[in-house]
Amino acid sequence: MKCYNPSAFVPMAVTLVTVIIYLGVFIPLLIIQETVPSAPDDPTLYNGLNLTEAWLDLQSLSDGYHPFNSRKNDDVRNWLLKRIGEILDHNQIQYSTETESATISETQIKSDFDAEAPESVPSPSNSNDGSAERYHEDLRARKESPAVTVFNDLRSNYSSNALTSIGVKGRKLGISTYFEGNNIICYVRGSDDEEGEWWKTGSVNSKGKVHGKGGVMVNAHFDSVSTGFGATDDGVGVVTALQLIRYFTTPQNVPQKGFVALFNNGEEDGLYGAKAFLSHPMARFVHTFLNLEGAGAGGRATLFRSTDSEVTRAYAHAKHPFGTVVSSDGFSLGYVRSETDYVVFRAEGYRGLDVAFWQPRSQYHTDQDDAKHTSIDSLWHMLSASVATTRSLTKDTGNTFLGPRGDDKVGKVSNGKGSDGVWFDIFGTVFAVFKLRTLFAWSLTLLIAAPLMLFAVSYLLNRQDKFYFFAGSIKAKGPEDEPISLGGWRGAFRYPITLIITCAITFGCASLINKINPMIVYSSPYSVWSMSASLFFSIFWFIMAGCNFVRPSALQRGYAFMWLFVFGWIILVAATVYEDRFKISGGYLFVFYEAAIFLATLIAIGEQFALPKKSTYVENSQLDHDGNQDSHHQAVMGTDGANGADEANASNEAGQEEDPEDNVNDLAVPHETTPLIGGGAPTQRSSISTTFANRYRQVVPESYDGPADHHDKKGHKKHPYGGEQDWSAKLPIWTWLVQYLLVGPFILIVVGQVGLFLVAALHQTGTDGSPLLLPYLVVAVFSILLLLPVTPFIHRLTHHMPTFFFLVFIGTLIYNLVAFPFSPNNRYKAYFQQTVDLDTGLNKVTIVGIEQYIREIIAYIPSAAGQTINCEENPRIRSGLSFCSYEGIAPRVVDNVVDGIPPEKGYTDWLTYNVTRVPNENKATFHISGLETRACILRFDDPFSEFKVHGGAKTEERWDDVPDSGSDQIKLWSRDWNKEWKVDVEWAVGEDMKPGEEGRTGRVVCLWSDANERGVIPALDEARRFSPDWTSVVKLMDGLVEGSKRFVV
């Protein structure tokens, strides 16, 4: 049985190494992608944390829908205040509560000074050195400066506008907003913080004074959407913040820098809670932050974004870090259209992190965002990372987050100068963090030094006459000798041609799936992965192996690396430009990729130092040719083989080792069946001399053994593989393995993690109106990137692998073309809203999504039966989707109608308004009041220029109420129910018009979002009940129900 050298470049070894590398990388990657690290068995393993308590809190928090505009939201808020108090009581912490402008000190531990006094402190009666007086002064200071202050914030408001909305293209008019916040802020005093109520000094907007070393804030919003229970969006974040309060109020964990837990309300409707916080005095204290969010419904919590590398190093302390800077680049480049509170704090100048759940998106904002569909492991993953991050930030008492800002922006927090960073995890265990300018230096060095080094090595090879790449034919020294081909151009262009053809076919297949069954990736991303990767692999092998079979070349691997280097260099140029100009860090993939390819290419070129000089090879080839000619002449003239036998014997006596087969061929006596040319093996030199060859004979060097008679160290003959160039027999047989290890494992880990991350984030975004082709293109690109490392070696793989992958391609292609894309585990999201004209009593239910599936869903709804379903696009609200409407069951959001009477009879009372025009001016005053709501909107058909809410807080200078282009909406959010709004509105004077000559028209709208009680919004109940099990119904706009009346002024 023949044994193969495991390091030899032969099919069996290459196939085995390929299988080991790819399985060894992708099995762990898939496990990490689809699983979450287990929570500890002991729920109190970490001092100050209680995982069981956190899980019970999550179940309590997510037992109902609690959007801002719901009564349940008030219940959750009251529950949070109660839970904070219970945690502080449990830890025996002295704390105070501040509500509005009044301060209510509530000492929660025993106030008996003597009971608190340690035994080592002398009592006042027996001490004459003043220590007792100092002791009581300390106690009084501690009583005046409690360890914790809870702010029941009922006064922070926000007033501003937004020029764009999520999913809106080309919108130029603003949406003005007035929001009254009701956040909860818990401040845990740090050991380095100032004593007393320092937040009451100075003006609210003052940024000049720094208290202590600056504070560390954790933010989570406690409101949910109206169609989701908010377990991960953002219940896990809320209970994590509660546990952090518990942790930092444990005596062993008192922070050095102050810790702030912000429970903000109103994030889902426009990040309003975070914006309102900025007008609170505690906002002056925060320097760094950790924002906790949920854009999925479980799994691992990933590091979405970070402001700089310094603050990211705090997250690196997490036991199971997870994330890549590529996700941050997605926001920076505008590919991700949704936002979190992170963007508010970053704009304020804070330095911090955005950690969020990100999959599965099919459960995001649905009724499956509950405790049942998440896990205690996911909770622990976010909680443990948050503890590690905040603990590191609160211990950093140096100048990292202090001092003048790097951007010199006036009015921002003076929290030092941060540097753009690059970060990524490896197998969810190791977290790499470095500065973007370091990556830029690597990129620039690689762009300049790598080509120079390759040219230098090539030059040295050429000087030594050993550079076989691009070598053609060389003429021997004899005047009548024919040129001898080196075969250096063989296989030079097959790699780029194959790559172009294979990539085109792969992208074409992605377009085919997008054309026929575009949503299959929604539920079957791994089927799409398998199809794309198996297609690329099998086609690439077929072309390259076929070329190698027809025209073998020992340079094929080297040329492949050269072309990869050229392509990678071009891509790296673009990545370097983005690093420098746009601060995009995701190019680290290509830096690592190109560095590995460069080293592999260097080996491919450098291994030619082991080859003979080209001139020597040509000379030996000519001698071999002459020797064969001598043998031919002897055979023709009938010369016996005595002389040849004598030479063979002499050779054996000198210790030369010969192959037995060669002896047989050399000693055979020619006869009429002997071939006319080449009496011996084609690769062996004949030892038979000829009588008539003396005039043509050249001097034979002592070292000459023929062009193919190369020997290893043991004296065994080495032959070129599979008909490749004769000189290739002297190439090292092990260098391919080093090259594979360079371009294989680490590159596959880094690229594979990013590819899996991006596809998991994108494959269920089609229902949001995102481009349907995008996830298929991402899969195709990363399939190619992940398989490029094997392509230089692919012609040496056995046929078994491409055969298997071709069968995989056929099976997955058929499945992807014909399978239904949704299931109960991967439900299609249909967006719901009901609008009611309170003047006429007409109501309309609108279901939004991809028209093909929306019509199928509506067909299941009884009240829509027999109606003509009208579908149209509305890019002002959500682009890329169809809005299909029908007349639905009347809502009962206001309980003012007796059973048996049509609810339309009570519509008039749901919303009342009065508008008064100011004479001779383009001004009007609106009085608006809605029942069972705290959210109303003024929508204008034409823009206005200014507005003012009576009784509202002073407008923050950081925001404009109305943009220069004007606004056409005013959103009004109140912290109180059934509030009457008084709003002054002014609009610009038109051309050739005088003040007072122009009016305005529009609608007064109020919103209702509470769907906790069945029957309040029966159209929504009906849609949920009768829609197919592969569908979920989620909210479209701020209100599930909009009631409106027309106004003319």
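For all residues, glycine too, the Cβ spot is worked out from N, Cα and C.
Source: prediction; values computed, not measured.
Over in Swiss-Prot, the protein carries these features:
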type     : residues               : note
ACT_SITE : GLU267                 : active site, proton acceptor
BINDING  : ASP233, GLU268, HIS365 : Zn(2+) 2 binding site
COMPBIAS : 622-633                : compositional bias 'Basic and acidic residues'
CARBOHYD : ASN50                  : N-linked glycosylation site
CARBOHYD : ASN157                 : N-linked glycosylation site
CARBOHYD : ASN914                 : N-linked glycosylation site
TOPO_DOM : 1-11                   : topological domain 'Cytoplasmic'
TOPO_DOM : 33-438                 : topological domain 'Vacuolar'
TOPO_DOM : 460-495                : topological domain 'Cytoplasmic'
TOPO_DOM : 517-526                : topological domain 'Vacuolar'
TOPO_DOM : 548-557                : topological domain 'Cytoplasmic'
TOPO_DOM : 579-585                : topological domain 'Vacuolar'
TOPO_DOM : 607-740                : topological domain 'Cytoplasmic'
TOPO_DOM : 762-773                : topological domain 'Vacuolar'
TOPO_DOM : 795-801                : topological domain 'Cytoplasmic'
TOPO_DOM : 823-1049               : topological domain 'Vacuolar'
TRANSMEM : 12-32                  : transmembrane segment
TRANSMEM : 439-459                : transmembrane segment
TRANSMEM : 496-516                : transmembrane segment
TRANSMEM : 527-547                : transmembrane segment
TRANSMEM : 558-578                : transmembrane segment
TRANSMEM : 586-606                : transmembrane segment
TRANSMEM : 741-761                : transmembrane segment
TRANSMEM : 774-794                : transmembrane segment
TRANSMEM : 802-822                : transmembrane segment
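Long-range contacts of the topological domain 'Vacuolar' (517-526) within the same chain, counting only residues at least 6 positions beyond its ends with a Cβ under 8 Å from a Cβ of the stretch, are 362, 759-760, 763-764, 766-767, 772-773, 775-776, 779, 815-819, 821-823, 825-826, 828, 850, 853. Counting only same-chain residues six or more apart in sequence, the Cβ atoms lying under 8 angstroms from the Cβ of HIS365 (Zn(2+) 2 binding site) belong to VAL225, THR227, GLY228, ASP233, LYS829, VAL1034, LYS1035. In the three-state DSSP scheme, ASP233 (Zn(2+) 2 binding site) falls into the helix class. Only pairs six or more apart in sequence are counted, and the transmembrane segment (496-516) with the transmembrane segment (802-822) gives three or more Cβ pairs under 8 Å, enough to call it a contact.
Residue counts for the topological domain 'Cytoplasmic' (548-557) under DSSP, split into helix (H, G, I), strand (E, B) and coil, are 5 helix, 0 strand, 5 coil. Sequence-ordered, the extra residues of this chain that approach the Zn(2+) 2 site, with Cβ no more than 8 Å from the Cβ center of ASP233, GLU268, HIS365, are SER224, VAL225, GLY228, GLY230, ASP234, GLY294, TYR364, ASP369. Highest Cβ pair count under 8 Å relative to the transmembrane segment (586-606), across stretches 12-32, 558-578, 774-794: 558-578. Here the Cα atom of the residue listed as 'active site, proton acceptor' is found 30 Å from that of ASN914 (N-linked glycosylation site). ASN50 (N-linked glycosylation site) and ASN157 (N-linked glycosylation site) are 35 Å apart (CA-CA, integer value). Residue environment of ASN157 (N-linked glycosylation site) contains 20 other Cβ atoms, counted within 10 Å of its Cβ in all protein chains.
Sorting the topological domain 'Cytoplasmic' (795-801) by DSSP state (H, G, I as helix; E, B as strand; all else coil) yields 4 helix, 0 strand, 3 coil. Rounded to the nearest whole angstrom, the C-alpha distance between ASN914 (N-linked glycosylation site) and ASN50 (N-linked glycosylation site) is 54. The sparsest Cβ neighbourhood within 10 Å, among the listed recorded positions (ASP233, GLU267, GLU268), is found at GLU268.
Counting residues of the topological domain 'Cytoplasmic' (460-495) by DSSP class, helix then strand then coil, yields 6 helix, 6 strand, 24 coil. The transmembrane segment (802-822) shares the most Cβ pairs under 8 Å with 527-547, out of the stretches 12-32, 527-547, 774-794.
Note on the topological domain 'Vacuolar' (762-773): mean pLDDT across this stretch is 95.
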